[in-house]
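Taken from TrEMBL, the feature domain 'Manganese/iron superoxide dismutase N-terminal' covers B:5-85. Annotation comment: TrEMBL describes B:HIS30, B:HIS78, B:ASP166, B:HIS170 as Mn(2+) binding site. According to TrEMBL, the feature domain 'Manganese/iron superoxide dismutase C-terminal' maps to B:100-199.
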Amino acid sequence: MSSTLLRTAPVLRGALRAAGAGAIKPAAALASTSFVRGKATLPDLSYDYGALEPFISGKIMELHHKKHHQTYVAGLNSALDTIAEAESKGDHTKAATVAPLLNFHGGGHVNHSLFWENLAPASRDGGGEPSGSLKTAIDEDFGSFDTFRKQMNTALAGIQGSGWAWLVKDKQSGTLGLVTRANQDPVTGPYTPLLGIDAWEHAYYLQYENRKAEYFEAIWNVVNWNTVAARFEKN
Amino acid sequence: MAATTYSLPKLPYAYDALEPAISGQIMELHHSKHHQAYVANLNKALQSHVAATTAGDIATQIALQPVIRFNGGGHINHSLFWLNLAPTASAEANPDSARTLVAEIDKTWGSLDAFEKAFAAALLAIQGSGWGWLVREDGPARGLRIVTTKDQDPVVGGEVPVFGVDMWEHAYYLQYLNGKAAYVENIWKVINWKTAEERFLGNRDDAFKALRASI
């Protein structure tokens, strides 16, 4: 189950290290996870904590990455260890009881890894509007970029509790759509996640407090459309 | 037919009265902004529901149910929460104010300390936003139980809510950041045991009387 979960998120491969097999390329290491499992590790950000200011404060980014994401990484590894141990004893019941923890922490790791990469400083790749085939697809499936943005913000505002909203691509039809997920449930099944926005309070509260609509407006200034376009074209 | 209009209940203490366990800034935002938003959105949804009922529009009535559950739950939960908190220095914050309840807790968990550990573990295991409650079960046994609920789902299944702890990040983040275990540790300093005892000895309607008072 661990390898299936990780394979759905190619972005994670760079964050994986096969135990005792440092020379193997991450992708090759993944292919051999049936016996040697790679530990999930916290991926580095490709920008400084303060680089998304003034839209997301450096303090939020630092806590979010170094504390929250790190906790999901640790929780995922702990859940995988528990499962491996239970499996080695043939205790499938015990392994099954860990499923909610695997989903929560594994989802938290996957979601945040995708999130960091689909953000960028406004002074570099962040903000603006998509171009090329992604722009065409957004226009076709939502009517316009502006309509898409409004619908995404409405979806974010409608989340009851903690969760995420995602721009996704339907693997079969190739069409774009919006989905929300509760807590850390990852986007799986028929959809490829292209752009995720974290609607947990820890993602904005220190800066925006209860005014979450302001955060949902501001974050568009730091969306990395190059990443979103690459995910769109690859899948 | 007119929809009932709910209003934000006043707190029986000042915003900074729960310091240092819960900061005044958190309390003010939590009460005047978050709780207020649940009240406003509940009233809006109930008005739409009455209009849809009058118009015989069953589809809209059903579509409004999750909105009523979320915002109505938010109003119920916070109304109960404010009253089951009290300033640390007050007599209410001392478990001696709840002799019957504490005796029942001892019977169920062995000691107050063991109960607090079990309750803390349940709070920290919540995935995402939610609440932890000590409830008195319905039925002849009237036993105590710890339950957690997600988002703003209220405890309305027949149990009596004795006290609740809000585990949404907005309840602690400005002060405790990601250190929610410290928030849970400190919440014990501001539990209103007098209110808890009254709810434990009373029935469900007694526990919800604060809501009826804020109509």
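Cβ from N, Cα, C; glycine included.
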Number of other Cβ atoms within 10 Å of the Cβ of B:HIS170 (Mn(2+) binding site) across all protein chains: 19
Given binding-site residues B:HIS78, B:ASP166, B:HIS170, which are under 8 Å from chain A when comparing Cβ atoms? B:HIS170
For B:ASP166 (Mn(2+) binding site), which residues in the same chain are close in space, meaning a Cβ under 8 Å from its Cβ, but six or more apart along the sequence? B:HIS30, B:ASN77, B:HIS78, B:PHE81, B:TRP131
Going by DSSP, is B:ASP166 (Mn(2+) binding site) part of a helix, a strand, or coil? strand
Starting from the Cβ centroid of B:HIS30, B:HIS78, B:ASP166, B:HIS170, which together make up the recorded Mn(2+) site, report each further residue of the same chain whose Cβ lies within 8 Å of that point, ordered by sequence. B:HIS31, B:HIS34, B:HIS35, B:PHE81, B:TRP168, B:ALA171
Restricting attention to the domain 'Manganese/iron superoxide dismutase N-terminal' (B:5-85), give the mean pLDDT. 97
Look up B:HIS30 (Mn(2+) binding site) in the DSSP assignment and reduce it to helix, strand or coil. helix
